[in-house]
Amino acid sequence: MSPYTLTLLLFGLALGTCITATSSHWLLAWMGLEINTLAIIPLMAQQHHPRAIEAATKYFLTQATAAATLLFASITNAWLTGQWDIQFMTHPIPTTMAILALSLKIGLAPLHTWLPEVLQGLDLTTGLILSTWQKLAPFILLLQIPSTNQELLIILGLASTLIGGWGGLNQTQLRKILAYSSIAHLGWMLLILQFAPSLTLLALMTYLVMTSSAFLTLKFNNATNINALASSWAKAPLLTTTAPLLLLSLGGLPPMTGFMPKWMILQELTKQNLPLTATIAALTALLSLYFYLRLSYAMTLTMSPNNLSGTLPWRLQTLQLSLPLTLTTICAILLLPLAPSITALMNL
């Protein structure tokens, strides 16, 4: 792809998200989402591979369905209440439709089935954009919609944490595992959305950092399935040492960064007299933890059969950028001691 075309598409991605983030009118927000979708589809299809074309087609159809439903919900709200403002969506029917449309856009269960299939057909760089940047605009809209239907958000959140953990158990493809990991993390954010939006933002930021680090680690190792992880020790010994810590952080184990949002979300759910919801969410996190441990085992405690020449690649200088990987990995592992400062900033 030409650098000029790539720059234009990345500018379209940034522009669409910024338009959605700064708009209070439903039509402008919808237009930003559409610009965002149209900008990423050429990035998905640039491989000229049947799997990539299939993934781009599935993504386009899913996003078009969600966008049409969202536009219908906003028009219905304007017809019923006379308001186009996002924060004045008060009628329960268009509010429910808008929440379901945005859930389909980001891949929340039970509207998640497109996400693992689409992510499996993409390269790791485009998969990183889809798993991180493309979640921002719909989540900003979800934060702005008044939460009148608490049961719907809790059901969507619990279903996402359960299916995100359950779906990843039997997978061998790393991109599908990261897709189910994304579904589970989004479920945690949705659980707390109506009670503490600042905690949702904190969980979203930590998710973005940890997922970026995971994708960059796999890209550095050029690994797309579990068996390929066994050869990572010969390519990058130091990275192989830090990767299990990153995976355990994704699973939410202390003393890593990923423990912070889950700990605070469980605490807030208990304060809101929802101990059963908190217990179910904590138990579903164990399902996710299992496949993160499986990846850690494959990466550090198994070695692929190799000869002397197979141990040489890590001695050669790599051409990949390692600074983004270094920064995201450090943030994904070591931010837990800053939890008091981060919560103080979130409450300002």
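Using N, Cα and C of the backbone, Cβ positions are placed for all residues, glycine too.
Feature annotation from TrEMBL assigns signal peptide to 1-16. Counting only same-chain residues 6+ beyond the ends of the signal peptide (1-16), those with a CB under 8 A from a CB of the stretch are 32-40, 42-43, 46, 129, 133, 137.
Residues annotated as domain 'NADH:quinone oxidoreductase/Mrp antiporter transmembrane' in TrEMBL: 23-287.
Taken from TrEMBL, the feature transmembrane segment covers 57-80 (among others).
Among the features that TrEMBL reports, transmembrane segment is placed at 152-169 (among others).
Look at TrEMBL and you will find 190-216 (among others) tagged as transmembrane segment.
Under the heading transmembrane segment, TrEMBL lists 236-253 (among others).
Residues annotated as transmembrane segment in TrEMBL: 274-293 (among others).
If you average pLDDT over the domain 'NADH dehydrogenase subunit 2 C-terminal' (289-342) in this model, you get 77. The domain 'NADH dehydrogenase subunit 2 C-terminal' annotation in TrEMBL covers 289-342.
For 321-346 (among others), the entry in TrEMBL reads transmembrane segment.
The stretch from 57-80, 190-216, 236-253, 274-293, 321-346 with the most CB pairs below 8 A to the transmembrane segment (152-169) is 274-293. The stretch in closest packing with the transmembrane segment (190-216), judged by the count of Cβ pairs under 8 Å and taken from 57-80, 236-253, 274-293, 321-346, is 321-346.
Using a Cβ-Cβ cut-off under 8 Å and counting only residues 6 or more beyond its ends in the same chain, the transmembrane segment (236-253) has close neighbours at 181, 210-211, 213-214, 217, 220-221, 259, 262, 285, 288-289, 292-293, 295-296, 299-300, 314, 325, 329, 332-333.
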